[in-house]
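Heads up: the structure comes next, in structure tokens.
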Amino acid sequence: MTTAAERKYINIRKRLDQLGYRQTLSVDSLPLVEKLFSDLVHTTESLRQCRLSSGKAEKESANLDFVLEPYKLENTRLNKENNELYLELMKLRECSDKHIKDLKTTLKKCSRETADLKFLNNQYVHKVKVLEKESKAKDEKIQQLQEKNLRAVVQTPGGRKRNIAFRRQRMQIDEPAPPSEVSAYPVPQPEDPYIADLLQVADNRIQELQEEVQQLQEKLAQMEKGVLDYSKQIELREREIQRLSLALDGGCSPDVLSLETRNKTNEKLIAHLNVQVDFLQQANKELEKHIQELMETKETVTTEVVNLSNRNEKLCQELTEIDQLAQRLERHKEQVLETADKELGEAKKEIKRNLCEMRNLEEKMSKLQWELDLSHKEKERLNSELLLKSDLETVVHQLEQEKQRLSKKLQSFAVTERELTLEVERMRLEHGIKRRDKSPSRLDTFLKGIEEERDYYKKELEKLQHLIQRRSCAINYSAREKPPVVKCSEKGDCSTDVHLITRERDELQRMLERFEKYMEDIQSNVKLLTAERDKLNVLYKEAKEELSTLRKESTNSTSPNHLVSCVEKEKERALSELRRITAEKEALREKLKNIQERNAVGKSDLEKTIEHLTYINHQLENEKYELQSKMLMMKETVESLENKSKLQAQKLSHVTGDSSHQKTEMTSLRIVSEQLQRSLDDCQHRLSIKRGELESAQEQIKMLEQKLENLSHRMTVQSEETHAMKKTIGVMDKEKDFLQETVDEKTEKIANLQESLLSKEKVIAQLKVTVAEYETSLNQLQETLTTRDREINSLRRQLDASHKELDDVGKSREISFKENRRLQDDLATMARENQEISLELEAAVQEKEEMKSRVHKYITEVSRWESLMAAKEKENKDLLDRFQMLHSRAEDWEVKAQQAEGENSSVRLELLSIDTERRHLRERVDLLEKEIQEHINAHHAYESQISSMAKAMSQLEEELRRHESEKATMLGDVSSLRELCIKLDSGKDVMTQQLNSKSLELERAVAELENVKSESELLKKQLTNERQTIKNLESLLATNRDKEFQSHLTSHEKDTEIQLLKEKLNLSESKLTTQSRETSMLRTKVTQLQTDYDNLKRQMSNEKYERERAIQEMRRLGLPTSPLSSTLKSPVQTPDHINA
């Protein structure tokens, strides 16, 4: 009890001295001080835990701020998206309003144009009615002149004039009628109040249009002023935006974004107003063109009337010539018809003959085709049988290879068994083997399996021999039946050849079925062989395991000689059975060779049959050389067969791949066996090493016994070393605290870095999503651009067509100008009006020149827009290239991020391992501290004991002679002291080893800390680089968004332009339809006039014919024909007179 209390006292005293409490301590107050000390330790630990928890709480609060940052960023992003959506909504509203306004303007234009067209239609209808009335009046007058009931005066030979009552009365005109004073017949005024004078209406319309043009010019000036004001305001806003962007370098607030969006909307409004101004200018130009076209249509109508009158005269002359030609043609037609009837009769006879010949030829062709189809089918079957034969040969070859492989395997098994016997003999010589009940049973099972394999191979050989005998019989049968086939072919009877071919076909089909069965048997045999191979592998593994267990047992224990003799006998039996199996295997090989020779014979027979069939096929082809054109169908079948052969080659490659897989498995098994042999060699080497270690340990024991004697001298040195150890332990404690603080800081930093990495991963994921969205939007824009380009190309084509039509109209316009000049010469009365019209025409020409200049400007603008489009296409290409670069960079960054994630995971794992090692170290340090304190206490106790013993020894030296009985007790004490010294020496060695291990661990920890510091610095650098790259990416994304926004604006402007062009096209199409309707109306009128003209011509021809008859009758009667000639001349002049 006293020793325990003294130990407690010493321990508490030392701890108090370490903590700085140097006050005196009584023995009575020991338990109280112990409790107080334990409470102090508990409070310090609780303080540490509180500090750790407070630090963790602070970290969590910092983490909360860090976690809230992405939410804040998302909130700002959502605000931006909301603003953008609002802007898009405003844009859509503006677009809808503009579209409604454009539709209203188009409606107004259409209503005006319809009113104008109605007006023109009414005028044209009125003109047509007037012309119809004039034509009717002229027709009536002509009829009156022709059919007046005047008496014909006939001049007799005596010079008298006599009235003829019974002849038709003819009008005698001595002189032409005097020209009428009135230039034209009075035209009744139209009853329709909507019809008015065209010139007055045109003048009024021109004045109205001029007023509208002036109003539009005033509006244009106002709009230009407004545009200038807007441009100034935009410049001021841009300056303010630049100032605000300089003020807000860190980030953009939603107010700034709203200002930017407002500026962009203002710019869009200005662009839209410019587009509207251009549209109004174009509308003015179109109105002016429409006025010119109306004037031109007016002139063309007048010219057409004159042209029709001239054509009527020409047609009268042409009709007489046509009548003569018609008579000639009728005569020629009658002759041609007669000859054609004769030729038709002959052709019908020839056609009947050809039809009969064609039917006969078709019947022959059908027969030949049927025979050819049969021959082709038989050829295809023979080809398929050849392919099956080749497949069988490949399978036989594979089986030979597998048999060779199995023979090699058996040889390897024999070699391994020999090695096993050698090892067993060696083990028997060294230690002896202890027999168990399991090994002979496994060997029996192995031998039984080998016997079953032998029986199985024998059965398969018998099956193969049976199949080959059947095939040889079938071949011999076919060979016997060949000579009559040849005789039949020599005779040339096709029917006998067909029967023989059908028989051979049936035989080949049977052979095919047999071969298929044989193939199925071979496949099943292959499956069974693979299963048996797996079983052999399992048995081989089990044998290896048994060998390993036997080796272990041989190392652990020794076996008697009779067990070894039994094992050797069993081994000899197994070897004899293996030899017997190898002999059987060689017999099987010889049988396989015989089978292969028989296969070769069968192959030669089949080749002969194939040659005979090819000879028959050649004969058929020589007989039917006319149908060579239809042999192209055979090529398709050959191609299909080639495809089948390719598929079968692929199957063969798969089979070879399986065989290579089996070879790899065998190589792996060999490698495993080699590894097991190496492991056995390593175990033997280790055994020899351990024996040497045992000898060295015995030598060390002897050395330690010598060292124990020197320990008494080293005790003094050890006391000094313990003091140094205390100092070093205190320094180590300080370093340990410092390291713990640094580790805590590093863990905090690592946690922060992990959180930052998580946030960056989220940002990267968002960027990926945005990049994908941009990709989809770019694809959509490209599709829209392609569609727009197509529409523009179609519109350009339409414009080219309209330009061509305008050129045609210009040509017609020149013709109409020429006709107008003729009309001006004819119409002297309209000179004043023509002068006024010429002045107006000059003004219109000036306006036309102005319009041409405007058109040139418009063309220059179009070229400029085309250049802008090309530049924008280049920009789009650059954007695509940049996008690809960004995509590649993003992929690189993804790879880097994945690498960083892997590094982070490795760092986390390292940190976890460091934490675990640190905990282990702490536990070891605590244990070592406890042990050190115990050893120190023991050392102090020993020191006190040694001091007391020294005193006692001095006393005993003085009292040695007196107290010989106390010597024995002192010797016992010395022996106990020696034991304690031995224990102390051993403890010292352990302590030195532990100190060395601790020093090594500290060095490792310092190196790891340095590595961690370097890695953290690298991570910081990477983080800074990633931040810079993210900023660059954000700037690039912002620029891309701006460019996409600009491209969207341009596309919107292009859409508006395309809509305007479409509207223009619709207007032009509507005008074309109206013009086509007018032309159709005019054509109908022209047809009516032509019909009237034909009627007049007929009447004239009838009159001419009657006059000629009258002249002939007068000549017969002997009357003079001069008055009749005058009468003939007069009606020729009458139409001119009437036209005048």
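Using the three backbone atoms N, Cα and C, a Cβ is placed for every residue, glycine included.
Not measured: the values here are computed from a predicted model.
Screening Ser559, Ser1130 against Swiss-Prot annotations picks out Ser1130 (annotated as phosphoserine). Ranges compared are 29-63, 1079-1113, and Swiss-Prot records coiled coil for 1079-1113. Feature annotation (Swiss-Prot): of 661-684, 805-828, 1045-1068, 1117-1140, the stretch labelled region 'Disordered' is 1117-1140. In Swiss-Prot, the region 'Homodimerization' annotation falls on 11-64 of the listed ranges 11-64, 335-388, 875-928. All protein chains considered, the CB of Lys104 (site 'Microtubule binding') has 10 other CB atoms within 10 Å. Most Cβ pairs under 8 Å with the coiled coil (668-1036) belong to 199-416, among the candidate stretches 75-151, 199-416, 1079-1113. Between the C-alpha atoms of Lys108 (site 'Microtubule binding') and Lys101 (site 'Microtubule binding'), the distance comes to 11 Å.
On a Cα basis, Lys104 (site 'Microtubule binding') lies 110 Å away from Ser688 (phosphoserine).
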